[in-house]
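Starting off with a structure, shown below.
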Amino acid sequence: MASYSTPPKGWRAVLSGALGAGLILLGMLAVMWVLEGYDYLVDGALDYYGITGWDPNGLVGILFAPFLHGGFGHLMANSLPFLILGFFTAIRGLGKFFWATAIIILVGGLGTWISSPGVTAIGASGLIFGYFGYILARGLFDRSLVDILIALGVGAAYYSMLAGVLPNQPGISWQGHLFGFLSGIVAAWVLRRKRSAVTPPPAYPAI
């Protein structure tokens, strides 16, 4: 007799991926909050480890800046978008999520370092903009109905974020937003689903 107590294998994989994505994102967010709590106790000393443009010592900040913030208000503003956009990035596979995150952090961080001489940038917003760009571009590059629907939904909900890539915004690293967004598009292209070439059937001469 067939058992209906467990979902089909395909759905189990989706649910497992969603659960894994949620746990990983919550873990990353917990690290941000712990670091910000410590940063508060040491009077913002961790902010030194942000991305300082054109400073060779500031290159190390490419790895640390996404997890550092300029105060609890800054972190609170980033927390929900990080969870939502990170979830929709990760739900299609944790392997691609880790690679996308690495590409966004490294490429986006390097772009921020090059374009922001003398400015120190911290915060997860570059990563958030990267996830946003990745989700939108993934629907375009993979041409999957699910990815297209996710891209349309996320784009409709967060289209106003695009204003964050415009220059001359006081107190905001628009360079981090811009290069985060662009690096997300790069990640979507690098990680796009490869399609195998279709071999045409052999042609036989007419008899």
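Placement of Cβ uses the backbone N, Cα and C atoms for every residue, glycine included.
As listed in TrEMBL for this protein:
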- 12-35: transmembrane segment (TRANSMEM)
- 59-85: transmembrane segment (TRANSMEM)
- 59-193: domain 'Peptidase S54 rhomboid' (DOMAIN)
- 97-115: transmembrane segment (TRANSMEM)
- 121-141: transmembrane segment (TRANSMEM)
- 148-166: transmembrane segment (TRANSMEM)
- 172-191: transmembrane segment (TRANSMEM)
Would the transmembrane segment (97-115) count as touching the transmembrane segment (148-166), if touching means at least three Cβ pairs under 8 Å and pairs must be 6 or more apart in sequence?
no
Quick check on the domain 'Peptidase S54 rhomboid' (59-193): DSSP residue counts for helix, strand, coil, in that order please.
106 helix, 3 strand, 26 coil
